[in-house]
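**Student:** Reproduced below are the annotations present in Swiss-Prot:
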type: TOPO_DOM; residues: 1-5; note: topological domain 'Periplasmic'
type: TOPO_DOM; residues: 27-37; note: topological domain 'Cytoplasmic'
type: TOPO_DOM; residues: 59-67; note: topological domain 'Periplasmic'
type: TOPO_DOM; residues: 89-104; note: topological domain 'Cytoplasmic'
type: TOPO_DOM; residues: 148-169; note: topological domain 'Cytoplasmic'
type: TOPO_DOM; residues: 191-198; note: topological domain 'Periplasmic'
type: TOPO_DOM; residues: 220-243; note: topological domain 'Cytoplasmic'
type: TOPO_DOM; residues: 265-269; note: topological domain 'Periplasmic'
type: TOPO_DOM; residues: 291-302; note: topological domain 'Cytoplasmic'
type: TRANSMEM; residues: 6-26; note: transmembrane segment
type: TRANSMEM; residues: 38-58; note: transmembrane segment
type: TRANSMEM; residues: 68-88; note: transmembrane segment
type: TRANSMEM; residues: 105-125; note: transmembrane segment
type: TRANSMEM; residues: 127-147; note: transmembrane segment
type: TRANSMEM; residues: 170-190; note: transmembrane segment
type: TRANSMEM; residues: 199-219; note: transmembrane segment
type: TRANSMEM; residues: 244-264; note: transmembrane segment
type: TRANSMEM; residues: 270-290; note: transmembrane segment
type: TRANSMEM; residues: 303-323; note: transmembrane segment
Amino acid sequence: MLLATALLIVGLLLVVYSADRLVFAASILCRTFGIPPLIIGMTVVSIGTSLPEVIVSLAASLHEQRDLAVGTALGSNIINILLILGLAALVRPFTVHSDVLRRELPLMLLVSVVAGSVLYDGQLSRSDGIFLLFLAVLWLLFIVKLARQAERQGTDSLTREQLAELPRDGGLPVAFLWLGIALIIMPVATRMVVDNATVLANYFAISELTMGLTAIAIGTSLPELATAIAGVRKGENDIAVGNIIGANIFNIVIVLGLPALITPGEIDPLAYSRDYSVMLLVSIIFALLCWRRSPQPGRGVGVLLTGGFIVWLAMLYWLSPILVE
């Protein structure tokens with residue numbers, strides 16, 4: 001059990017590291033081939049924070065462990081808001097200024113509702129996967145359009161912050177070096193995560209869904225946590241919140257879409273009856289906090305969000321032995 005725990009932690013750290021290096025390499029390649037920096041920032045870099053979830057979901061799907069993938073998608077969205085936004089608010093109260101974010105928030109809520117329509121029947125079908133991946137393409141086109149508009153106007157706070165985060169150094173040799181390293185590490189790391197998560201789920205008599213919701217989702221959300229904390233400390237509030245919005249959309253359309261496309265079939269009914277409702281509720285709370293014009297969320301909100309995370313985690317593990325055979 002201790003060995004499986006250690007290997008799971010090492011695997012998650014390697015997944016996060018390899019995803020970061022892949023994004024770094026992709027940013028250099030895009031810059032080299034003349035893609036505007038703002039589009040790189042709003043697509044490659046933003047999506048990069050969700051790459052660990054995507055990698056784990058893909059590996060779990062290939063091993064027909066769809067509940068682990070579904071749990072990772074839902075759990076990451078819950079954790080991004082309750083834990084990561086809560087901790088960021090505790091570090092420093094902040095306000096969302098960007099009009100781009102306010103245009104993306106309704107899309108995040110819409111996609112969250114779509115997730116319910118996919119999960120409610122306890123089945124993931126290949127048509128569900130195709131539909132979700134089609135939404136992913138539409139979303140990418142949407143943010144590219146937003147990037148081009150922001151580039152012309154040049155006044156949006158989010159776009160200024162994203163440009164500041166782009167890598168400034170490195171040529172093609174550096175990009176290909178990190179690309180190769182990332183592609184070598186990724187399959188090994190994801191296999192470590194999936195295999196040892198299964199071992200621990202069996203040892204503690206909890207479902208793969210619960211393991212995905214908690215341990216895997218927390219581990220794969222480390223990039224969002226690092227981005228949010230660093231963002232609010234530097235006063236880059238919009239990029240901290242923007243990464244959460246982008247990650248939550250991406251988790252539904254890609255991380256949930258992959259198991260539906262690769263390994264369609266039955267899923268744990270608790271994914272809809274227990275976990276989806278929590279995800280939708282915290283998504284609505286998140287949107288309301290961002291739409292407010294007064295300084296928000298403050299430390300009081302941070303305490304409530306992190307407290308909500310602890311309560312959710314405790315109830316999840318308390319109920320799991322009763323609800324899971």
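Cβ atoms are placed via backbone N, Cα and C, with glycine included.
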**Student:** The transmembrane segment (270-290) and the transmembrane segment (170-190): do they have three or more Cβ pairs under 8 Å, with pairs 6 or more apart in sequence?
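**Tutor:** Since fewer than 3 Cβ pairs under 8 Å link them, the transmembrane segment (170-190) and the transmembrane segment (270-290) do not come into contact.
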**Student:** Most CB pairs under 8 Å with the transmembrane segment (68-88): which of 127-147, 199-219, 244-264?
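**Tutor:** Ranking 127-147, 199-219, 244-264 by Cβ pairs under 8 Å to the transmembrane segment (68-88) puts 199-219 first.
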**Student:** Averaged across the topological domain 'Periplasmic' (265-269), what pLDDT does the model get? Just tell me the whole number, please.
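**Tutor:** Mean pLDDT across the topological domain 'Periplasmic' (265-269) comes out at 91.
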**Student:** Counting Cβ pairs closer than 8 Å, which of 6-26, 105-125, 127-147, 244-264 has the most of them with the transmembrane segment (199-219)?
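**Tutor:** Checked against 6-26, 105-125, 127-147, 244-264; highest Cβ contact count belongs to 6-26.
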**Student:** Looking at the stretches 6-26, 105-125, 127-147, which one shares the most CB pairs under 8 Å with the transmembrane segment (244-264)?
**Tutor:** 127-147
**Student:** Go through the chain and flag residues at least 6 beyond the ends of the topological domain 'Periplasmic' (59-67) whose CB is under 8 A from any CB in it; none is fine as an answer.
**Tutor:** 124, 187, 190-191, 193-194, 198, 207-209, 212, 258-263, 265, 267-268, 271
**Student:** May I ask for the residues of the chain that lie six or more residues beyond the topological domain 'Periplasmic' (265-269) and have a Cβ under 8 Å from a Cβ within it?
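**Tutor:** Residues 64, 66-67, 70, 119, 122-124, 207-209 contact the topological domain 'Periplasmic' (265-269) from elsewhere in the chain.
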